[in-house]
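Trainee: This is the structure, below, for whatever I ask next.
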C-alpha cells in the first residue's frame, strides 16, 4: 500500500501527516461544514421524535424507554414504527434535562460534536482499511497509509449527504450508530493488537466488539452490520484469504479447496462462529422486543414494494440504488423527503431511466471483476473492504430482507458514504500513479473538497428552519405531495391561510388519496366558514381512511357548525371509537351537548377530557362557565379550584373562578385572582371589565371607574362595559350632587 499512498504525496503535504494534525484538520473541516446549523430550530421529524415525545420528560420512567419505539409509542402497538433506538432517545432525554427544556441549540451542538468525533475516528479506521494491521516491536500499530486515510476522512467530513444526519436532530440515531459501529471495528482490530502474534487473538476484544455492535444497533438498526464488516476484514486481512487463488482453483476444480488452510490457523473459524452467534443472538432479541412483527407501511411510503410484478419491483429497487449512488457521487440535489410521487415508478424496461440501472451495474461489475481477478493483492483487499463498507451498512435499507418505509433516505447513506470515500480515494491514488498530470488531479480533489464544503454550508442553512427546508425541496421534488403539504402546513402555522390553501390543494392534486392534506385543508376552510367544501373534503378523507380519528373529529366540528347535530355526534363517537384516549374530541363533543342544552352530557364529556388530559384548560373552563351560568356556584367553585391546582398559572382559569367567587360575594379572593390574571395578560379588556364589575358590586367605585376606563381603552366596542360604565358615572354624579 505504501506505493499507492505515496502517489498522493503531491496532494497531501507531509506537514499534516502526523496523527494529531491529521485528526485536527479533519475535525476542523467537519466543524466548518455544519457549524451553521448550531442555532437551528427543531424541524420536520424533530417535532414528533423530540418535542412531542413523552419519553424525554422526567415524569416518564426510564424503564419505559426499553418498551417504546423511537417516537414514544409502545412497541406492542400495531401502529408502532418498530424503530427501536432506546440509547438515542436516552441521549435526547439527557439533552432535555441538562439544557432545562426543549432548547434546540444544545441538541444541535451535540450532533455537530458527534459528527466531528466520527470523522476523527475514521482517520484510524481508514488507516487500518488501507494499510492493514502491522506493528512495531513495541506493539504500536503502524499507519502505512497516512495520506490515503487523511484524504478519505476529509472527503467523508465534508460530504453534503450527511447534512440531514448532522443538522436534523433525529439524525443523531445515525450518528450514534456510526460511532459505535466504528468503535466496534477498532475493538475488533484491538483483538489482534493485544497479542501481537500471528494466528492468535484476544477473545475479550472480539466479545467486546460484538457488544459494541449491539450497542450500535440500539442507537440505529443498521449498527449491527458492523459484524459483517469485521468478518470480511478478518478473512481478508488477518486470515489473508487470496480471492484470486480461490477463483482459479474453483475454475480448475482443484481438490485442495476442500480443506483450506486458513480455517486451520489463527482461530478464524472460532472468531467467525463468535460473530455469527453474537449477531444471531442480538437479532433474535431485537425481533422478540418488536412484539407484533414488522411495521405496516403504506403504498405512498414505498410504492415499488407494493408492485404486483416481481420484475417491476426489481427494476425499481435497482433504480433506487442508482439514485443513492448518484447522491454519493453528486450530492447537489438533496431533499428532506423522497416519497409521494417524488420518484415515479418505472413500469416497463422501455423507460429511459433504466440507463441508470445499467450504469450502476456496469460500475459494480467492473469493481467486482477487479476484486476477483486483479493480480495486485493490495488492490483486491482495498476494493473488497471499500465495497464491504459501502454495501453492508446499506443492506437494511435495500428492501432485500424486508420492506422499508421510504424510497430514498439521505440519512441511511451516512455509514455507506465512508465506503464510497474509501473507493474514491483509492481511485484518485490509482489515477495519480498512472498519470503525469498530478497537478490536475490535485486541483480536482481540492475542487471537490471546496465545492462539497460550500454545499454543506448552504444545506446546513436550509436545515435551520422548516420554511427554508421545505421550500428548498420544491425545486428538487416538485411532484412530491408531501413537500407541498409541509410548505402549506408551515404557512398555515404562520397564519398565511390563503397561501397554505394553494399548497394543500396542490398536494391533494398530486396525491388524490392524501388524507392528511385533505384534513388540514378542510380545517382551514372550516375556519373561513367555507363549510360545504370542508365537509366534502373531510368526508372523502374518512372514506379513504375509515380509522382517521382526527378527520372524524373535524368532520363533527363542521357538521356541528352546519347545525347537523345528530351527524356531528355520530362523527365524534366514531373518532373516539378509533382513538379511545382523545381528549380534544371529548371536548368538542361536550360543546355539541352544551349547544343542545344537554348539560349533564356536556359536563361528563368535558370531565372525560380532563381525565385524559389534566392540563386541558378549555375543558376545565367550559365546565366552570356552564356551572356558573346554570347557577351551580358551589360546584363551579369546586371545579375551578381543582383546575387551578392542576394548572396554577392559567390566567383564563383564574378569570373564570374569579367571576364565580365574585357572584358568591367572596370579593377579596375574587379580586386577588382578577389581579393575578391581569398581571399575566394586562391587555385583555374583559379582565379589566369584569374586575370593574366586581369593584362596582363591592362599592369600590373609584377602582371600578379606573378599570372600566382601561377596559374601554383596550376595547371601545364592548357594549356591556359601556353600559356598566354609564351606570357607574350616573351613580357617581348623583353622589356628587348629594354631597353638594
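Backbone N, Cα and C atoms are what each Cβ position is placed from, and that goes for glycine too.
No curator has checked TrEMBL annotations; they are predicted automatically.
Since we're looking at a predicted model, the values are computed, not measured.
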Trainee: Do you know which of 354-372, 468-486, 487-505 TrEMBL annotates as transmembrane segment?
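Mentor: TrEMBL lists transmembrane segment for residues 354-372.
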Trainee: Under TrEMBL, the annotation transmembrane segment belongs to which of these stretches: 88-107, 148-167, 248-267, 268-287?
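Mentor: The range carrying the transmembrane segment annotation in TrEMBL is 268-287.
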Trainee: Kindly point out the range from 49-69, 112-132 that TrEMBL annotates with transmembrane segment.
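Mentor: In TrEMBL, the transmembrane segment feature sits at 112-132.
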Trainee: Restricting to the same chain and to residues at least six past its boundaries, which positions have a Cβ under 8 Å from a Cβ of the repeat 'TPR' (481-514)?
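Mentor: Distant Cβ neighbours of the repeat 'TPR' (481-514) are 44, 300, 335, 337, 339-342, 466-467, 470-471, 473-474, 520-521, 524-525, 527-528, 544.
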Trainee: Can you work out the mean pLDDT of the predicted model over the repeat 'TPR' (515-548)?
Mentor: 94
Trainee: Can you name the far-off residues of the same chain, 6+ from the ends of the transmembrane segment (412-431), with a Cβ under 8 Å from a Cβ of it?
Mentor: 4-5, 7-8, 11, 122, 125-126, 129-130, 148, 151-153, 155-156, 159, 161-162, 165, 171, 174-175, 177-178, 181, 222, 225, 324, 327-329, 367, 379, 382-383, 385-391, 393-394, 396-397, 441, 444-445
Trainee: In the repeat 'TPR' (685-718), how many residues does DSSP call helix, how many strand, and how many coil?
Mentor: 28 helix, 0 strand, 6 coil
Trainee: Determine whether the transmembrane segment (440-461) and the transmembrane segment (169-189) share at least three Cβ pairs under 8 Å, counting only pairs 6 or more apart in sequence.
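Mentor: Between the transmembrane segment (169-189) and the transmembrane segment (440-461), which are separate recorded stretches, there is no contact, as judged by 3 or more close Cβ pairs.
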